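Novice: One structure follows; several queries about it will come next.
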């Protein structure tokens, strides 16, 4: 593994190895406290962040490395100077680049013109670090993730894409339940389906919540993706039937709940569920750090 732009670039064994390493780092942090000693990692943010920034900054520190934070004060990458020059300069100073960007093309430019590993910490198409944290969380409750049935409910987006691709590679069943007109990208769904054929997994897209009865895990996200300035009130009528609430859990028999956050309580998910016995949401947030640490350790070993 030279970079992490999308989980579709990883094999099943590579994903399983990352999950195993994340568990090892989580269980024995002292053993890895100097694993990145002498390493400097530039973290770039074109978009706002809480979980991504804090988990990367603290995670890198816990591994003995040094994180350098760059925000969008100089504009998006490629505006003040070319992506080529930006990547070439950063590569002379840093050991890796972690980038949360508006466009996936920016990440491809960083890889093309840089000479250090690049990690996608979110873009318009994918959110691979989130998906790895999600399946790390799932694997803590299900010994064989290939037998897990995961339902994503809401708007098809970058998180949906990465969940589908990761589940497909691992051999799990992943269903995206989205209102009509809000399905995930058709080309990425096609890619996930092709990967599932190889692994024995299954990828589905539906608008019917009855299709996820007896699933294991349900996953929510905001109804309006970051960068979309559509008022929530405008989409509330469309998405409200897909709210993750106690009634839906009882109707489907689903045991565990995930949400990548930030969450709009009483909209896509109720507080009763988010704070309830079925919720793994804050374990999931913690696991962002451990999954990302595993990625950095693998890239910089």
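Placement of Cβ uses the backbone N, Cα and C atoms for every residue, glycine included.
Pasting the feature list from Swiss-Prot:
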BINDING   100, 127, 128, 129, 130, 260, 288  carbamoyl phosphate binding site
BINDING   158, 221, 225, 226  L-ornithine binding site
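Each of these features: where is it, how hidden is it, and who are its neighbours?
Specialist: Here the Cβ of residue 129 (carbamoyl phosphate binding site) has 27 other Cβ atoms within 10 Å, regardless of which shown protein chain they belong to. Secondary structure at residue 129 (carbamoyl phosphate binding site), as computed by DSSP, is helix.
According to DSSP, residue 158 (L-ornithine binding site) is assigned to a helical segment. Counting every protein chain shown, 26 other Cβ atoms lie within 10 Å of the Cβ of residue 158 (L-ornithine binding site).
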Novice: Go through 100, 221, 225, 288, the listed binding-site residues, and name the one with the sparsest Cβ surroundings, counting other Cβ atoms within 10 Å.
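Specialist: Output over binding-site residues 100, 221, 225, 288: least Cβ neighbours within 10 Å is 225.
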Novice: Tell me the Cβ contacts of residue 260 (carbamoyl phosphate binding site) under 8 Å, same chain only and six or more apart in sequence, or just say none.
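Specialist: Spatial neighbours, sequence-distant, of residue 260 (carbamoyl phosphate binding site): 127, 130, 134, 159, 219, 221, 284.
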Novice: Using C-alpha atoms only, work out the spacing between residue 100 (carbamoyl phosphate binding site) and residue 158 (L-ornithine binding site) and round it to an integer in Å.
Specialist: 12
Novice: Max Cα distance spanning 100, 127, 128, 129, 130, 260, 288 (carbamoyl phosphate binders), Å?
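Specialist: Result: 15 Å between the two most distant Cα atoms.
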